[in-house]
Structures are given as C-alpha cells and as structure tokens.
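Let me begin by presenting the structure, written as structure tokens, before commenting on it.
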C-alpha cells in the first residue's frame, strides 16, 4: 500500500497557509512549501512568507533555502521535496505539500519532463535576434515551430519565449513535445485539494489589501536591501518575483510610486488568474471555498481520517 501525501494547491492570497496550519493541529502532518518565491532568504514581506509565530507553530520545509542570487530549478525542487517526503513518511507522519507553484506540483506528481538545461550560447543568440527584430517577431517565429506553446505564451513574456525557442534549438524537439514526455509518477497515494474563493472579486480584493499591508510592513525597505547588492539584477528568478520586479523598477527610477503599486497589484492578479487556469484543468482534485475555512478543514479531515485510522 502506498504512503499518503496531501496537496493543498491554490492561487496567491487564497488562505493556503492558514488552512495548512489548522490542519497540522488535527493530523500528523509535516508541511512542505511548494512555492518558488518562499525559497529565498531575505524575501519575507513581498512573498507573504509565514511569520515567525506561524513557523514556530507549524514549521515549513523548503523555505529560506536559497540566497536570492542562487538559481533553483524545478528539478532541484523535485529532488528536495522527495527527500523531505521520504524523511516525513519514515517518521510515521504525512507530507502536506502547500503552495501555488503549479509547475512544481505537476512535476512532482507526474515526473519531471526531460527538458535540456539552459544553454548560454543559444540564449545569447536568441537575445541578439530579439534586440534586432523584437520579441513580437520571435513570438511569430515560435508559432511556426510550436503553435501550442506560442498560444500559451504572451508575446511580451520574453523569459518564457526565450526558453521555448532555446529548448527547440538545443534539443530539436518542441517544448510541447518535451513536456509530454513525463518521468516517473509520484509513488504516494495523493489527496489533492484546491482552495480559492467562489467569487473571483474576493480574491482580487484580498490581493489589493495584502499588497498595501506589505507596503505598511516595510516592503520598500526589504527590496531596497536587495537593490543595494551588486550581485542581483532583474534577469534573476528572485527579482522577477511578482511585486519585487515592480518595486525594483520604482527604485531604479523607471516608474513612480503610484504606478508601481498599480503594476504590482495587476501583476499579482494576473498570476492568480494563471494559477486558477492551471487548476481548472487539474485532474482528481477536490475544490474548497477559501471563505469557508472551517468547512474546508472538515472536508479534508473527513477524506483523510478514514485512511489513517
């Protein structure tokens, strides 16, 4: 019989952390963070990282494991998460994976697609071409190579455009073809739960309120500490995190304060929309209303308790 694991997946600002902490008080679970922003040290406010009290009450694994200058791939996550899950299961407890980085969840669940590593030489060639003809022209080029990927990638999303073209030039296979080749499936009996408000406007309101609270909590100072470093720039995954790249742009004098706020909130809403789109196509998942936390908690307990008694 396979060991049990629980996934709580949801868009940003949907109340995942709060639900996970409540669940830890009821079940023998250990929390593993599934969030590509929470891995970074010194990036606490803008990532809505659980505070000291919450982490004392319910420790989260895979938080604060990287410096913002370090790279951390999906493959790194899968290896780290599997290691933590093995340790937790061996201790007779249940891994509870919580977060909103959908690619991490998907890769862990179905196995990592064998994508080629980044190739500096190829990337430089693509970036030179983009500088000469523009990213919109490269998006049209991608349409001829991989229409499925091109339809998923916005013409202004230079990072994902670059990666899709790079994969093709390095491997000779399209990104879509490579993604369809999955590795080994997760050897756990996984119970998956999606949490979000029934009404999308509630999520938008929560995102807006949360960002203003981040500002009140010292988000500008937090980013200014990163901005002052000489080893960080906007090409890095850490600084591309939602909120950070907009504040970075403000600190660089590229936009004013009010525009920064507008862009950060808009980008966060866009991220939430993207996360929800992923979830809508997710298989074998139980939906929970984030505005009914006690009901959501009871639903999880009902499903899990009969399998651990």
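Backbone N, Cα and C atoms are what each Cβ position is placed from, and that goes for glycine too.
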*Listed range which Swiss-Prot flags as region 'Interaction with substrate tRNA', given the options 240-245, 246-251, 252-257, 258-263*: 240-245
*Out of 35-38, 39-42, 43-46, 47-50, which range is noted as region 'Interaction with substrate tRNA' by Swiss-Prot?*
35-38
*For ATP, what surrounds 10, 11, 12, 13, 14, 15, 16, 17 with a Cβ no more than 8 Å from their Cβ centroid?*
100, 195, 196, 290
_Residue among binding-site residues 10, 11, 15 with least C-beta crowding, 10 angstrom cut-off_ = 15
